[in-house]
Structure formats: C-alpha cells, structure tokens
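Taken straight from TrEMBL:
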DOMAIN    41-290  domain 'G-protein coupled receptors family 1 profile'
TRANSMEM  25-49  transmembrane segment
TRANSMEM  61-82  transmembrane segment
TRANSMEM  102-120  transmembrane segment
TRANSMEM  140-162  transmembrane segment
TRANSMEM  197-216  transmembrane segment
TRANSMEM  237-255  transmembrane segment
TRANSMEM  275-293  transmembrane segment
Amino acid sequence: MACENHTRVTEFILLGFTSNPKMQVSLFILFLAIYTVTLLGNFLIVTVTSMDPALQTPMYFFLRNLSLLEVCFTLVMVPKMLVDLVSPRKIISFVGCGTQMYFFFFFGSSECFLLSMMAYDRFVAICNPLRYSVIMNRSLCLWMAIGSWMSGVPVSMLQTAWMMALPFCGPNAVDHFFCDGPPVLKLVTEDTTMYEMQALASTLLFIMFPFSLILVSYTRIITTILRMPSATGRQKAFSTCSSHLIVVSLFYGTASLTYLRPKSNQSPESKKLVSLSYTVITPMLNPIIYSLRNNEVKGAVKRIIISKK
C-alpha cells in the first residue's frame, strides 16, 4: 500500500535513552569508555592471536574472527549512538536507517554461526583429540570462517529489503537508540503479519539453528568429559570450553529475548536495556572473558610486552 494521502517518511528520529541533557552527557562518557575498552580489548585479541606462534591453532583463529566481528558489530551502532547523545538532532535518514539495519542483521547472524563453528572446534578437540589436527586443518577452518561471515548475507538482505519496502506514512520517531527491526516495524502503516511470520522463521533459522548445533556439540562434550577417569583431565577439558560457554550464554540469552518475541509487552526501556547488553556490553566482555580465563592468552600478552621492551 502506497502513502496515498500522506508523505512517505524520509528520515527517522532516534529517541535514544533520555531527553535529559545532564543524563545524556553522563551516558556519553559511560558508553565512550565502554566502546574504548571494547576496541582495545578486541584489537588486543586480534594482535596477540596473530603474532604469537603458540596461538596459531584453530581455536584462536576463530577467536580472532570473533573479535573482528565484534569490532564491526559495535561500529554499526555505537558511534551513531554517541553522536546522538551530544547532538540536539537525533536524525537518521531513511537510507541510513536501512543501511544500519542491514549491517546489524549481517554481523549479528554471522556471529551466531561463528559461535557454532567455535563449539564444533571444541567438540573435535575434546571428543576426537587424536584426529583434531587432521579434521580441523587450515583449509576447513578457513572455509568455516568464510561461511560464518557470509551466512549473514541472506537474512540481512531479506529482512532489510522487505522492511524498508513497507509503507512508512505516519510517525517517524523510533523509540530506540538504533534502527532495530522491532521498534522500526511499529511505524509501518499497514498490517505486518506476513513480515512478522518471515522474521520469526528467519530467527529460528539463523539464530536457533546455530544454537541447536552448539547444544548438540556441548552435549557430546559434557558426556565425554564426564567419562574421563582423571579429575585433572576433566578440569582441563572443561576450562577450554568455559569461556566460549559464557560468551554464548550472554549473546543468545539476551538476543533471544528481543527476536523471539518481537512484539512482546516489555516496556521500551526494558527492550533498550536488553539490546544494550548484546550490542554494547557483551562485545566489551568477550575479550575480557577470553583473556582473564585463558592462561595461553595471558602468557602471549606477557611475551609480546617483554619483547617490546
């Protein structure tokens, strides 16, 4: 349905978190600090896993890709959010909104599949250690990484193209801090049932399918660990998976609250906090989790620091 008696929306207003100027300044400082830590932490992981010879394994190859994904993921939203916090005009063009939405879906979907590839890597390492180097060879790891990155293309193209083709003829105030699907969908001036059905199907395929692969992998991993005769062996095996499990729980636990219930009765403020957790907080925590809980990463950082002296 075209906007017959109304002008089609050409820009959106992002309402963000608050209209209180003092609160906006405080949030700007807080989020700038978080974003700085996110960039430094993830670039540190990329640098360390690239430079240290001891970390040239599939596990750290995928970790390096995860850190690169996190940098790209936050780049889509956080800089614009920071600008809006100190700007009187919190405007984003129609094309800009669609572009932001596309890359948000792209990197989000890619991360889902990359996390499942990392789970498979741990499954092979623990359940089939003697053939690990043969199975997880360089070529397979490369194709798994490429497949993870490219998996975001179909869902991002479908979701964004369909969404932005819908009629936006009325209000243009998005009650969110970036152009996410559910809050933008509320501004559509026609029935969105078909889009919601497609969005749910896409969510099940591109979020729950890789999550199911992770569950299967860890079911096998836990079964194998429990069968190990040595307590030391069990502890060592579990320690190689614990960081990944924490990251998966943080990412999927918060994202599923938004995308499995796109029109839930949660207040807009609650939805913003949930979105903030997986778009801003989790990317900051990931390098901290992997570095603090991983002796090999900590050792590599020390070796690089000593070599630079």
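Keep in mind that glycine also has a Cβ here, set from the backbone N, Cα and C atoms.
Contact check: the transmembrane segment (25-49) against the transmembrane segment (275-293) gives at least three Cβ pairs closer than 8 Å, residues 6 or more apart, which meets the contact criterion. Listed by sequence, the residues of this chain that lie at least six past the ends of the transmembrane segment (140-162) yet keep a Cβ under 8 A from its Cβ atoms are 58, 61-62, 65, 69, 98, 101-110, 112-114, 116-117, 120-121, 181, 195, 198-199, 202, 205-206.
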